[in-house]
Every structure is written in C-alpha cells, then in structure tokens.
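Right, one structure below, let's go through it.
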Amino acid sequence: MNCTWGNKEMPTVNYSLFYWYKNTSDKAVECKQYLQHQGVRVGCYFKKNELIQFQPFHVLINASVGGKTLEISRKHMQLQDLVKPEAPVNLTLRNMSNNQLQLTWASPYPRNGCLKHTVKYKSNKDTSWTELSVNGGVFSLPSVDYEKSYTFYVRSKINSFCGTTQLWSEWSVPVTWGSNSTSKGTVEDLYWVGIRTILVPIASCLLLLVLVILLVRMERVWVILMPRIPNPSKNFDELFITHNGNFQEWTGVPKDVVESFKPNYSENICYVTELPPKDSHEPLWDSSNHAPPPMPGPPAAPSEHSPYQNSYGRL
C-alpha cells in the first residue's frame with residue numbers, strides 16, 4: 001500500500017509517518033520505507049505483512065522544523081475502504097456454442113471473493129461502449145456477429161461485502177475478437193474456428209460414406225435372407241406383344257404337329273412297296289398289278305383302327 005502527501009504542494013521539509021492499529025494506546029511504528037521525490041519524502045510504502053484489514057488504521061505525520069516536532073496530520077481509517085486493486089490480467093476469449101462468446105480473466109488481488117468487476121466492450125461498428133457489472137471472473141456475450149470485431153476491457157474494485165470503497169482499478173489491457181483480429185486472446189478462437197470449418201465437413205463426409213457402405217451391405221444381406229419373388233409375366237411379353245398370343249409361333253411348333261392334335265384329324269394313306277434284292281428275278285409288284293396269291297395259313301385280320309388297313313405288303 002502507498003500512502004502519499006503533498007499532492008497539491010511539494011513539501012519543503014521531510015515528514016515522518018507513524019501508524020498503529022486498534023486504539024491510541026497501541027505503540028506507534030514509523031514507516032520503514034519512504035517514497036522520495038528529488039530527495040524529499042512524499043509518501044510511505046507498506047508491505048503486505050504490515051497491513052491488517054478490517055481494523056481501524058491510525059496515521060500520524062510529523063515534521064521537524066527548527067528543532068521542534070510539529071504534528072501535521074492525524075487520521076484513522078478502514079483499510080478495506082481504501083483498497084484499489086490492480087488491473088485484471090490474462091484476458092481470454094473462447095468461442096462457445098450457438099455463437100456465444102465467453103470472456104475470462106484473473107486478478108492479482110488475493111481475495112477474489114471481495115471483488116466486483118465491470119466489463120466494457122463494443123464492436124468496430126458501434127459508436128459507444130457497453131458496460132456491464134459482473135460478479136466472478138467470467139463474462140458471456142450471448143450473440144456475436146462474425147462479420148464484426150469486438151474489443152473488451154475489464155476493471156475491478158472491492159465489493160460491498162468487504163468494503164465501501166469507490167476506488168476502481170485501472171482498465172485492463174484490451175483483448176479483441178472477430179474479423180481482422182490479431183490479439184493474443186483470439187488465438188484459441190481462431191483454432192476452434194479452423195477446426196469447425198475444416199474438420200467438421202470432412203467428418204460429415206466420412207460419416208455419410210460409412211452410412212452408404214452400411215446400407216449397401218445391409219441390402220445384400222436382406223436380399224440373401226429375403227429373396228425377391230420372381231415376376232413370370234416378363235417371360236410372356238414376347239408371346240403377347242410380338243406374336244399377338246399365337247402360341248404356335250411363340251413355341252416354334254410345326255403346323256402339321258399342331259394339326260395332329262385336332263379331334264377330327266385323319267392321316268393320309270401311305271403305300272408301302274418292298275423292293276426285291278438285285279439278284280432276284282421275281283417280278284416287282286405294285287399297286288397296278290393283281291394282288292399276290294394268298295399265303296397258306298389263316299388270313300390276318302386287318303387292324304380296326306390302323307390308317308393303313310387298305311395297304312398291302314409282301315414279305
């Protein structure tokens with residue numbers, strides 16, 4: 001902690017600072033590390049182990065003039081009401097789902113539960129800043145435009161649970177996100193954007209290819225397990241389209257064979273003639289000669305149903 005004096009007018013003599021806690025009966029301790037300007041004391045620096053919060057803090061400033069000690073100022077105060085935290089550090093932006101942007105940071109102040117924060121941001125197309133109060137070290141912007149670039153600042157102060165100070169820290173180093181952004185905080189966002197624009201389409205294509213392969217394999221398995229019922233109508237297309245239903249032409253059966261299946265069909269008489277051997281002198285017999293002499297034995301009865309019952313032969 002720094003305690004300074006002489007802000008309006010530069011002191012001409014060296015002041016001495018004494019401090020103590022609780023009440024005036026406690027022993028006063030002189031400042032161990034003075035702040036100087038041009039060889040003149042202008043303040044006192046207190047280390048962390050020298051400060052006790054939530055207890056009345058008493059300060060006495062003396063000056064030695066002409067061998068006499070003069071009391072310049074005496075005050076008591078609450079240290080927790082005088083704390084001015086250091087500016088937040090390590091601002092980081094993350095691109096969340098549904099176009100949501102998340103901002104996180106860290107504070108050098110050791111008691112994070114005693115801090116409240118203000119986030120200030122605007123886009124490159126906005127004319128004014130937007131400031132929002134935040135409890136904790138996380139801020140979420142519900143919707144962002146990828147065509148814009150956004151700049152963020154954060155500052156902190158002690159909240160009402162730990163003090164009544166109105167001293168805000170300085171604004172943090174800005175962090176930028178969006179188009180044409182070169183801020184360090186956007187490296188992680190660019191990384192995820194690259195993954196989303198490159199790997200996601202490739203993964204989608206691979207998944208679609210796997211699904212197609214599985215469907216083809218399932219189609220083959222389904223055909224094996226449940227074979228398709230053949231359609232015999234295609235086998236008769238030629239009969240009805242080309243031959244107009246003519247079964248004879250379609251099957252290629254000869255006409256005389258078809259005629260033989262009719263009920264009133266009668267076959268023409270066929271005369272049979274047997275030729276004698278070449279060295280025989282017997283006369284040839286044909287249908288113009290007289291019938292040959294009958295052979296000994298009972299005459300053969302002609303077949304009742306034979307179509308050749310009127311023809312003759314000789315053995």
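For all residues, glycine too, the Cβ spot is worked out from N, Cα and C.
Automatic, uncurated: that is what TrEMBL annotation is.
TrEMBL lists 291-301 with the feature compositional bias 'Pro residues'.
According to TrEMBL, the compositional bias 'Polar residues' annotation covers 306-315.
The feature domain 'Fibronectin type-III' is assigned by TrEMBL to 87-180.
The annotation region 'Disordered' is assigned in TrEMBL to 280-315.
Outside the transmembrane segment (190-216), and at least 6 residues removed from its termini, the chain residues within Cβ reach (under 8 Å) are 94-95. According to TrEMBL, the transmembrane segment annotation covers 190-216.
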Please average pLDDT over the domain 'Fibronectin type-III' (87-180) for the predicted structure.
-> 87
